[in-house]
Amino acid sequence: MSPYALSVLMSSLAVGTITTLSSTHWFLAWMGLEINTLAIIPLMTKTHHPRGAESATKYFLTQATASGLILFSTAINAWTLGEWTITNLNPTSSTILTIALAMKLGIAPFHLWLPDVMQGLNLMTGLILSTWQKLAPMALLITISHQLSPDLLMLMAILSTVVGGWGGLNQIQMRKIMAYSSIAHLGWMIMILTFSPTLTILSLIIYITLTTSMFMMMINLYSTNINKLATSWLKTPTLSALMMITLMALGGLPPTSGFLPKWLIIQEMTKQHMGLMSTIMALSALLSLFFYLRLSYVISLTTAPNISNSNLMWRARLKPVVVMPIIITLSLMLMPITPILLTII
């Protein structure tokens, strides 16, 4: 792809997200979401592969349906209340809008498009879809969190954590595993959305940090499935060890950064007398932890020094990515500064 075209598309992604984040009018927010959708579709098809075209088609149809639902809900709201302000919603519009934004994010039971779309993308576009494309819909959900139905959000949260853990168990493709990881993390975010939006923001920041570091390591190691991941120790043992610890952080094991949001969310749910829900969420997190542990086992314990048939260098040179050490450090070591994070947010 031409650098000029790539710069225009990346700028459009930024403009679309910033438009949605800064808007107080539903039509402007919808327009920002549409700019986001139209900007990422050429990035999906730049590989000139049938899987890329299939992913772009599925993504476009899903996002177009969700955008239509957003327009429908906001039109009902304007007809009922006589205004287009984001902060005022009637119950019917609130329910339809929650479903539409869940479709855009890939929250269960509207998640079926996400693993297939992720599998047809290259790793850099998958990183954008897993992180940047979550910002605008999640910002809208946080803005209207006080008007959403807690029962509907809790139902989708439980389904997301269970489906995200269960769906990733038998996967061998890293992009599908990261898609199911995204579904499970989104379930944790929306579970606490109506009770503590600040915890949702903290969870989103940590999820983006962990996912970015994981995708950057996969890009450096060219690891798109478990077999390639098993030979990564031959290329860069240090980066493979860091990837193993990052997988533990995605699973939520202490003392990594991934433990922080799960701990605070379960604590808040206990304060809200939601003991059964917090127990189900904690048990469903064990499903996700299982396939993260399996990947760590593949990286660390199943690799002999001579199993690779390719002409790999014994110590491959990494791409000079300046931001990667910072992201990995943040992924692993945010637990000690928890009080400062809570004070800032």
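Using N, Cα and C of the backbone, Cβ positions are placed for all residues, glycine too.
Straight from TrEMBL, the features:
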- 23-287: domain 'NADH:quinone oxidoreductase/Mrp antiporter transmembrane' (DOMAIN)
- 289-341: domain 'NADH dehydrogenase subunit 2 C-terminal' (DOMAIN)
- 56-76: transmembrane segment (TRANSMEM)
- 96-114: transmembrane segment (TRANSMEM)
- 152-170: transmembrane segment (TRANSMEM)
- 177-195: transmembrane segment (TRANSMEM)
- 201-222: transmembrane segment (TRANSMEM)
- 234-253: transmembrane segment (TRANSMEM)
- 273-293: transmembrane segment (TRANSMEM)
- 321-342: transmembrane segment (TRANSMEM)
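For the transmembrane segment (96-114), the list of distant contacts is 33, 58-59, 62-63, 65-67, 69-70, 72-74, 76, 89, 134, 137-138, 140-141, 144, 148-149, 152-153, 156, 159-160, 162-164, 179, 182-183, 186-187, 190: same-chain residues at least six beyond its ends, Cβ to Cβ under 8 Å. Of the two recorded stretches, the transmembrane segment (177-195) does not lie close to the transmembrane segment (321-342), with fewer than three CB pairs under 8 Å once pairs fewer than 6 apart in sequence are set aside. Beyond the transmembrane segment (201-222), the same-chain residues lying 6 or more positions past its ends with a Cβ under 8 Å from any Cβ of the stretch are 123-124, 126-127, 130-131, 134-135, 138, 142, 174, 178, 181-182, 185, 188-189, 192, 228-229, 232, 235-236, 239-240, 242-243, 246-247, 249-250, 257-258, 260-261, 264-265, 318-319, 321, 323-324, 327-328, 330-331, 334, 341-342, 345.
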